[in-house]
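Visitor: Pasting the relevant annotations from TrEMBL:
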| type | residues | note |
| --- | --- | --- |
| DOMAIN | 108-160 | domain 'PAS' |
| DOMAIN | 187-238 | domain 'PAC' |
| DOMAIN | 334-389 | domain 'PAC' |
| DOMAIN | 407-635 | domain 'Histidine kinase' |
| DOMAIN | 875-972 | domain 'HPt' |
| MOD_RES | ASP722 | 4-aspartylphosphate |
| MOD_RES | HIS914 | phosphohistidine |
| REGION | 738-760 | region 'Disordered' |
| REGION | 972-998 | region 'Disordered' |
| TRANSMEM | 28-55 | transmembrane segment |
| TRANSMEM | 61-84 | transmembrane segment |
Amino acid sequence: MRRAAVHGARALYSPAMKPARLPPSDSIGVRLAVIVFALLLGLLLLLLSLVGYYLPEAQGFALSGVVIAVAASLAGAGVFLLVLRSPLLELKRAASRLRQQDAEIAASQRFFAGMTDALGQGIIASDAEGRCSFINAEGERLLGWVRADLLGRNVHEAVHFRTASGLPLAQDECPLHAPVLARQPFRSDLDAFIRRDGSAFAVSLVSTPLFADGEYVGSVVVFQDISERRDEEERLLAMASRLSALLESMHAGVMLEDEAGRVVIANQSLCSLFAIDAVGGELCGVAAAAVLDEAARLLQRPAQLAELVARAAANAPAALMRGERVVPLGAACALAERELLLADGRVFEVDQAPVFLYPDLPRVEDYRGRLWVFRDISERKKVERQLQHAKELAESASHTKGVFLAAMSHELRTPLNGVVGMTELALETALDAQQRDYLEMVKASADALLSIIDDILDFSKIEAGRLEIERVSFSLRDWLAQTLRPLAVRAAQKGLRLDWHIDESLPDAVLGDPARLRQILINLVGNAIKFTATGSIRVEVAGLAAASDAPVAAATPVALEIAVTDTGMGIAPEKHAEVFAAFTQADSSITRRFGGSGLGLAITRKLVRMMDGEISLDSTPGLGSTFRVRLALARGDASALVAGIPGADSGSPPPESVGAMMAALTSGVRRLRVLVADDTPINQRLASALLEKHGHQVVVADDGEAALACIASEPFDVVLMDIQMPRLDGLDATRALRREEASSRAQESPGQQEARRPSHLPVLALTASVTREMQDECRAAGMDGHLAKPLRAEALFAAIASVLPPLTAEELAALAPREAVSGKSGMVSAATNLAGEAARHLASNAANDPSGAAQVSGDGRASRRALALAQLGGDVALYVQVVEVFRSSLPAARASLDAALARGERGALAREAHSLKSVFGTFADTVGSQLAAGLEAMAERADDVSSPEALTAEVAKLHAALTRLAAELAAENGPGSAGNCDAGASQPDGDHPAASAP
């Protein structure tokens, strides 16, 4: 039986071996023995019968014996036949069964081979001695062996003689031998097999031992190539290692939870941030909610983190099931910033987002958990606060700079305009050669100083972003002619010729900023005149060629180039970039020879860039220079220009009509009814006197409500509206007026509107602030113009003239003979004799005391008085009236100032300071104006933290300035004698003639 079992096992694993024939049954042997015994017995009986026949006494017995022998023989033969028939038939049947079994075994072997080949895994079998007894087709492919070559070979020596790392491996150390000892299958994913060519590959194998009756008969190894999987695993391990290093190097706490809410990843920074007594890796598998609860105990408001967790949960699969959108990780703005305030004052920032298998298409079944990131942003918040504070300081400094520039613009231009204007008037009088030479030098110096001041102020505005480019419709050809005609005179005075030409193909009406374009052209042509000794200057305005011949659409911008060419000294190529730098000229000797601030071209380039243009320079030393400005201007409204309204969009009439209107207003040809709305008595008196002097009727209102009441009750031609007034300020009053006008126009017929009053009543703003912001605010409120305090006669009438309807034919006819007789405005003539006095004292004070402290001296008082008279058009009687109003209103002004300070009403304090600023300006008191402006700015700033003591100190300084000004005014005319201020009072000493009207 044991041998039969062994033969059966060999038949299972050795298809080449033939199965043995089965031996006959034991019953056949017994039957043969019986047959042989019967035959022998028959032969013996036959022999005895023959012997008895020959014996007489036994003849009968012999016959009987023969019979018996024959019978026995026959019986034996029958028995023989009977016995042999059954075994032969059984042998035949056994042979048939054996043939059938052979066929079944062959079919089974074919099925087994096909099945093992179809598994996709290698199978190799060995006997008890380790020799290969079977290998399938996949095993042949993976190992590179042919079955016939491998059968009978030692499996270990053929395919497993080295380790995965390449070291030799003895057979007794082979892990495949372990199943024999352990009597159980062996599994491994860390092994390697050797191909026939000597190359190794990683395998995953299962080795199963085979036993028969407890005896080891061989083993079967099932294996597969896992080289790609092993490479992928190594890549993933490397990636995980890098990810771990990255997470641990982050200064942020990171936690990733799975869909069940368990921690999958947590770094050490998370434990450090929230003082969790664990290593980051130890948190894996812990409930994320428990970690967040541990973190919440450090917060000022622990519930804050719980609320965030609840919102995060709402943005998870449940939201998807409700059809809501979920923000996936990696999408824009996926992490919503939230700040957590800790009890110790630190600030943490927490970001969270759901994680999906496919972030671009989040689905419930693809939800894989949530990512949490915690960062300590305490230092960043501190820096942000510092930056915010620095920004506020910078904005405050910028605001202060703007206020300072506005104040300096007023304080510098006011005396300088007086010097320039009075010098020009003095040059029109009878002078000897030396006097004219002196005055021309004064005027040239004043013009240069004014140009430098303008450049510095413009440059500061551009740097501070306060300069804006306007878009108004203007005539390109008129603009060019009006800009270059005065420059042509300057060029002719130097012996130069200035020519200009404009391309006929360019449209005339364009949209742009004519004032800033004029500034650009004046800078370029002015430089050309300055640096050209002989020759000519040419200005070319040409259109830039279009890219195609297609018709030009109405909305297509006009691309043009302005080229200014001179025959001057030229500029070296290496100096081209320097000429556009601020406060820089191409050669230091140029500053000494020609002067200038070095800002002209810097401002020009900035203006060109603000208009989205470009400027370039072509120059050769000794041959001249060409500056090219390329711009694109929108097309303007030609109909407005045809109607004779250049700059119609700006709302300003042409300069010629303004000059004619001023002449009509100052000569009595046109008389106006003017409403002056101002709460300061001095300003009321000054404006009234300047207007009434020329025959105009004036009505005074103390605030905006009174002004609206006056407008509703009687007609006016123009309104002078102060900005800051009690009850209702000028801006709100103007807005109310414009609303009422719009309502009236909607309700009344055109005839009723004309009979009642003009549909638009001109309103001019009166303010001591000249900032662009204030001007914009005035325009937004509906005001038509802006008039800076202190009031000057010429500026007042110029502003009024700019907003009035044009002169009628009758007015023009009446104006012509008057202009022919007078030749110039009376108010200008009245101030002519003050020019020498004002110029002398300004120059003397600037040279001897640049700080301005000399204002309180006798010479300083004379200079101040001369400037104040110049502002009033030289009207001494008006000056005396203004002084009297100041004296009478001074106690009330002081009381109002102190009352506002005592109540702590910063708005009222700012209004009082604003009023006093214009009072000081009326008397050309720059020190007092600066003190009042400083107090106004301090009181107006909403974020100012100035103490009451600081405000009290500023008010005390203002009181001292008022006392000083009152004393100076009293000293001008003698104690208590305001009425003795005659023409001789303007004479500071005996060396200079008194100022008097012609």
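Yeah, the Cβs are placed from backbone N, Cα and C, and that goes for glycine too.
Automated prediction, rather than curation, is the source of TrEMBL annotations.
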Visitor: Could you check whether the domain 'PAC' (187-238) packs against the domain 'PAS' (108-160) - three or more CB pairs closer than 8 Å, residues at least 6 apart in sequence?
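Guide: They are in contact.
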Visitor: For ASP722 (4-aspartylphosphate), what residues in its own chain, 6 or more apart in sequence, show a Cβ-Cβ distance under 8 Å?
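Guide: The list for ASP722 (4-aspartylphosphate) reads ALA677, ASP678, ASP679, THR680, ASN683, GLY730, LEU766, THR767, given in order along the sequence.
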Visitor: Of the residues in the domain 'PAC' (187-238), how many are helix, strand and coil by DSSP?
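Guide: Helix/strand/coil tally for the domain 'PAC' (187-238): 12 helix, 32 strand, 8 coil.
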Visitor: For the domain 'PAC' (334-389), what does DSSP give as the number of helix, strand and coil residues?
Guide: 15 helix, 25 strand, 16 coil
Visitor: Run through the domain 'HPt' (875-972) and tell me, per DSSP, how many residues are helix, strand and coil.
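Guide: Output for the domain 'HPt' (875-972) reads 85 helix, 0 strand, 13 coil.
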Visitor: Quick one: average pLDDT across the domain 'PAC' (334-389), no decimals.
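Guide: Mean pLDDT for the domain 'PAC' (334-389): 78.
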Visitor: Using DSSP, break the domain 'PAS' (108-160) down into helix, strand and coil residues and give each count.
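Guide: Grouping H, G, I as helix and E, B as strand yields 27 helix, 12 strand, 14 coil.
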Visitor: Among all the protein chains here, how many other CB atoms are within 10 A of the CB of HIS914 (phosphohistidine)?
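Guide: I get 25 for this one.
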